[in-house]
Amino acid sequence: MSQPPPRSQSRRIRCVVFNAALGPLDYKVPAHLDVVPGQVVVCPLGPRQILGVVWEEERLPSADVPEHKLRPILGVVPVPPLGAPLRRLIEWCADYYMAPLSAVARMALSSTAALQGGSTVTEYRLSGREPGRLTPQRAQAMDLLIDQQATIRELAEIAEVSDGVLRGMVNAGLLEPVTVDADRPYPAADPRHAVPELTPTQAQVAGRLVEAVAARRFVTFLLDGVTGSGKTETYAEAIAAALEQGRQVLVLLPEIALTQSFLARFEARFGVEPVTWHSSLKSSERRRAWRAVAQGRAQVVVGARSALFLPFAALGLIVVDEAHEVSFKQDDGVRYNARDVAVMRGHFESIPVVLASATPALESLHMAASGRYERLVLPSRFGGAGLPDIRILDLREQAPERGHWLAPPLVEGLRERLAKGEQSLLFLNRRGYAPLTLCRTCGYRFQCPNCSAWLVEHRLSQRLACHHCGHEVPTPRACPECGEPDCLVACGPGVERIADEVATILPEARVALVTSDTLTSAAKAAEFVAQAENKAIDVIVGTQLVTKGYHFPDLTLVGVVDADMGLEGGDLRAAERTYQQVAQVAGRAGRGEKPGEVLIQTRHPDAPVIAALASGDRDAFYAAETEARREAHAPPFGRWAAIIVSSEDEAEARDAARAIGGTAPRLDDVMILGPAPAPLSLLRGRYRYRLLVNARRSSEVQKVIRQWLEPFRFPQGVRVAVDIDPYSFV
Ligand code: ADP
Ligand code: ZN
């Protein structure tokens, strides 16, 4: 019989340390400590300390350090160990997306504050004391900090002043400290708070989901229901079932802007708001949420894609809402697709995963057709509301007036709705006033110095901005090239320009502009929703932010300003994306008792995607699209991977890309395109080249790429990024 090692003898452990340049490192455990796999530990590294996660020794390569050279770990971080299913997920992601294990593991430990001891934090708020004479900076802080409470660092960001200014205000008694219990519990959700009466079809679908939650087995559902069919109400029953089992639920939403309306609905159904997780949480909120998740006290977490790597103690269900959304794909750092990773997490946790959408991704429909996902259908809108009437406006025949962008029938539609006291929505997926500005005298065009892209005019903020890197300049009055004053011309429309046009045609209409520039916070989003619900808005003009989630019963007209815009990029998913976007925004019309109408402006009424939208024949569209993908060996029939080579030095990037291209493997089932300059050949000051790998479904594309890139050693400034299953082709 083997004996456990005596406590005095040191034990070897293998750790994934948080440094992407290092592989797993071995340490020994001092006698007074106990560790198990998944535990977060403090490791010595040279003279410094680094965090690491203890891993199963046999699952990682060894650095072959002899026993007597092992250094002891310095301590164990007092948080629950990362569970085995999460460790398997981290391994899978690192392998599949070709990312360093430490970079993926780090996403699970996404709150440094959570790892530190101590259970109170000191936050500050205005004390209410009369300030007397103020410096301009203090006056600004007094203004911007009303109703705020946060750490000095966070308040400094809100007030747009330095930490020092605020510390001075603390000393002057203008800000007062508040001690906050960092781990105060969240109020408990009540699964039976307000149970809706489901329609028979909804009840059947909900029953299937509830059954799967009870069975605690892995299964992926494709919840395929038209907009307004009650997908949310239906999966809420599965959430309730998980809560009754005492298990946790993760709901992923594609963007924070959608969270606000979700929170309100959740509270109506379960009596409390769920725990939220996204990048703009304060560090104390992050810490509190992370610890509650790890200790099993956070019942339902609603979050952006990064929530997928939270260390849930007892996960019982994952829901991905609007699962077709491209924003689930992360395009920097670890380039993963949260929808696919959610399915893998469900697999490792042995729990059901629900992918909900009115316009599922072709890949998801294919998985359902092949039996790997279970498809559940909600074919009609709740409450008998019909789907809206869709009409095509051929811009070649019904041209807008000169210098305008809305065709006469759309203008007429807006006028009619305004007269009847109904609401309209105009959709154009372009922020700002105009996508291109040029000089009428010399033809000069404003271009970003860091990117191969035009600067977009933002008239509200009086700036020209690059939508890729964030570079901004105040809009000049004169041309920087020829010096001519007042000669700049705006070319093409953005939403600001459409809002202007509406204000010109219907001066009495109350117009709301909804873009990420105007809905900058949760509070602003809530204010917009309240105004729309109270009918303080007649016309909403917005980007893709307004296409999803909102339910305004008196909104009866939707106008798609430019349905062709998405088709111009020419990437693989262009048609699918256009279909999804237009179908989603169309789904905002006629959700109440009054019927809805959708007008789609296009110059290509015969394009298959436009024709499918007009006839409402989703199946025909997907069938045609499926065939096109099959012929192109595109997903889901083949696989793609992109290799992006970049450097601040153009020649260096080109040479590296050519060197890689020069040793491209010749294989029967893998085709390699490029290298070629990327469509965005300059991005954030880096020159970019791309290679595209197209492989059969069955080929081990990661293995091929790993072996191919392995021998290369490039100059320091060269970055080689691999994007598996890419969404972006720029
Ligand atoms: P989807 O998520 O499919 O777009 P929702 O769940 O948002 O649909 O439902 C659309 C609207 O209909 C919401 O206002 C919702 O509260 C309401 N609704 C759907 N099903 C029911 C039901 N069974 N009972 C009461 N209201 C419902
Ligand atoms: Zn730029």
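Positions of Cβ are set from backbone N, Cα and C atoms, glycine also.
Marked as Zn(2+) 1 binding site by TrEMBL: Cys439, Cys442, Cys479, Cys482. In sequence order, Cys479, Glu481, Cys482, Glu484 constitute the residues six or more apart from Cys442 (Zn(2+) 1 binding site) in its chain with CB-CB distances below 8 Å.
The Zn(2+) 2 binding site annotation in TrEMBL covers Cys448, Cys451, Cys466, Cys469. Mapped onto three states, the DSSP output places Cys451 (Zn(2+) 2 binding site) in coil. Around Cys451 (Zn(2+) 2 binding site), the same-chain residues six or more apart in sequence whose CB sits under 8 Å from its CB are Cys466, His468, Cys469, His471, Leu680, Leu682, Leu683, Arg684, listed in sequence order.
Annotated domain 'Helicase ATP-binding' per TrEMBL: 212-378, in sequence order.
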Would you mind checking how many other C-beta atoms are within 10 angstroms of the C-beta on Cys466 (Zn(2+) 2 binding site)?
21
Secondary-structure category, per DSSP, in which Cys479 (Zn(2+) 1 binding site) falls
coil
Cβ under 6 Å from ligand 2: which of the binding-site residues Cys439, Cys442, Cys448, Cys482 qualify?
Cys448
Confidence summary for the domain 'Helicase ATP-binding' (212-378), mean pLDDT rounded:
94
Per DSSP, to which secondary structure element type does Cys439 (Zn(2+) 1 binding site) belong, with helix, strand and coil as the options?
strand
With an 8 Å cut-off on Cβ distance to the Cys448, Cys451, Cys466, Cys469 Cβ center, who else from the chain surrounds the Zn(2+) 2 site?
Pro449, Asn450, Ala453, Leu455, His467, His468, Gly470, His471, Leu683, Arg684
Hey, what's the Cβ neighbour count for Cys469 (Zn(2+) 2 binding site) at 10 Å?
17
